[in-house]
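Engineer: Under the heading repeat 'Solcar 1', Swiss-Prot lists 13-106. The feature repeat 'Solcar 2' is assigned by Swiss-Prot to 116-202. Residues or ranges marked as repeat 'Solcar 3' by Swiss-Prot on the basis of sequence analysis: 214-309. Residues or ranges marked as motif 'Substrate recognition' by Swiss-Prot on the basis of similarity to another entry: 241-246. Taken from Swiss-Prot, the feature transmembrane segment applies to 19-39, 87-107, 122-142, 173-193, 220-240, 293-313, supported by sequence analysis.
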Amino acid sequence: MVGYDAKADVRSNSKLEVAVAGSVSGFVTRALISPLDVIKIRFQLQIERLCPSDPNAKYHGIFQAAKQILQEEGPRAFWKGHVPAQILSIGYGAVQFLAFEELTELLYQANLYQTHQFSAHFVCGGLSAGTATLTVHPVDVLRTRLAAQGEPKIYNNLREAIRTMYKTEGPFVFYKGLTPTVIAIFPYAGLQFSCYRSLKRAYDWLIPPDGKQTGNLKNLLCGCGSGVISKTFTYPLDLIKKRLQVGGFEHARSAFGQVRSYRGLLDLTQQVLQEEGTRGFFKGLSPSLMKAALSTGFMFFWYELFCNLFHCIRREDR
């Protein structure tokens, strides 16, 4: 179960088990959804409309983009930036789930958990994700740069990317886009955790448990639903974050169409509104929703699966 549960205390996992389950969950999920992530980033960074009628648009649909990336860059392009992305996922998953379990237990002990469970999961989910974000944000910037570049590559590997970015743009380059990231991640993760719990309760109400082992399917479906809900509400901030993260990297984006430079969060928002309209804030929403559904579904699925596995191993050892 995700979050502290006093009734299930006898089968609670240790802090190490929670961290490992979160890390493995992040690792497996990232490997599976990386192609959608690459397509989503390409859409978010494209200035032109995502429309077949626009002759200047390099990408205008999920399948068209996938086909073009495959033809121009080969299948490995769908895992561009995968090494930093995996470092990001492993570290993020460990910190997020460990912080969430600790925070929900803290609220339970303060008698604030039982009567406000949706709010408790929202706040704890947001705070745990914020903590994880501050920990791994430099890796997220590296992942975005590596996934966004075309051919020929500006950075051939992770080490070269770190060295070049630090030398040409300074140490603060690794925290580009941090403000919108933190602003976006709190409600996004908060909704992920709170909606996940609510959807599981709704699932049990619609399909009462009959003793059969259907928990894994329930975790997957409810995770997918919570991912779609949370991403829909917070997507514009995700787009803003991605565009800020590639600031100073415009020369590597020239092959993809128009490029823009932004002085900050407000300047970016104004430029997008003026040039692309409100729909500009939702570029790449389709692959992003697909990714959010799969990534959140798999995240909770694998996390609960490994937590249960650790519990079974400990029970067998007794």
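Including glycine, each Cβ sits where the backbone N, Cα and C put it.
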Engineer: Six or more residues out from either end of the transmembrane segment (220-240), which same-chain residues have a Cβ under 8 Å from its Cβ atoms?
Structural biologist: 44, 177, 180-181, 183-184, 187-193, 195-196, 199-200, 203, 265, 268-269, 272, 280-285, 288-289, 292-301
Engineer: Could you give the residue numbers and ranges of same-chain residues that sit at least 6 residues beyond the transmembrane segment (173-193) on either side and whose C-beta is under 8 angstroms from one of its C-beta atoms?
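Structural biologist: Result: 2-3, 96, 100, 121-130, 133-134, 137-138, 140-142, 165-166, 226-227, 229-231, 233-234, 237-238, 240-245, 247-248, 265, 296.
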Engineer: For the repeat 'Solcar 3' (214-309), jot down how many residues DSSP puts in helix, in strand and in coil.
Structural biologist: 80 helix, 0 strand, 16 coil
Engineer: Same-chain Cβ contacts of the transmembrane segment (19-39) under 8 Å, 6 or more residues past its ends?
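Structural biologist: Apart from its flanks, the transmembrane segment (19-39) reaches 13, 59, 62, 65-66, 69, 77-82, 85-86, 88-98, 147, 284, 287, 290-291, 294-295, 298-303, 306-307, 310.
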Engineer: Please give the sequence-distant neighbours of the transmembrane segment (87-107): residues at least 6 beyond its ends with Cβ less than 8 Å from one of its Cβ atoms.
Structural biologist: 2-4, 15, 18-27, 29-30, 113, 120-121, 123-125, 127-129, 131-133, 135-136, 139-140, 143, 189, 193, 299, 303
